[in-house]
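If you check Swiss-Prot, you get these features:
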BINDING   Leu73, Gly105, Met124, Ser125, Lys126, Met127, Thr128, Phe129  S-adenosyl-L-methionine binding site
Amino acid sequence: MKTTLIVVGRTVEQHYITAINDYIERTKHFISFDMEVIPELKNTKSLTPEQQKEKEGELIAKALQPGDVVVLLDEHGKEMRSVEFARWMEKKLVNVNKRLVFIIGGPYGFSQKVYDAAHEKISMSKMTFSHQMIRLIFVEQIYRAMTILNGGPYHHE
């Protein structure tokens, strides 16, 4: 089973890129994990936020495969502590036959089409983070979950 993080737009700041790639590589010691970047839209000034979400939603839909289990990172999703998230991941890793796909949307969130394709929504926090920063926070939590499940020394309760 493969786990994929889909994000809209490239990561710009080099220190985030370095840290994200480090956690992705660390996570690959435990599971098949990668990050897929949907190119950011060009000429968005003429689009309403709703139109931008629709166009991004079309690109996200093209990146999905039949059988994917889709989980949105969404401010209205379920919040979990790290150990809870690890147990949640464990269940998903056992029960998902194809890909477990996490999606971080664009600046205005997700289109209804993407919400309709989702199986679940999770939230990283009640706080708002930049789209650059949440990528790093999330890949670190995936790595942390894997170390919890495998008895590694990374997480301290």
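Backbone N, Cα and C atoms are what each Cβ position is placed from, and that goes for glycine too.
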On the Cα atoms of Leu73, Gly105, Met124, Ser125, Lys126, Met127, Thr128, Phe129, which are listed as binding S-adenosyl-L-methionine, what is the maximum pairwise distance in Å? 16
Here the 10 Å Cβ neighbour count for Gly105 (S-adenosyl-L-methionine binding site) comes out at 23
Binding-site residues considered: Leu73, Met124, Met127; fewest surrounding Cβ atoms within 10 Å belongs to Met127
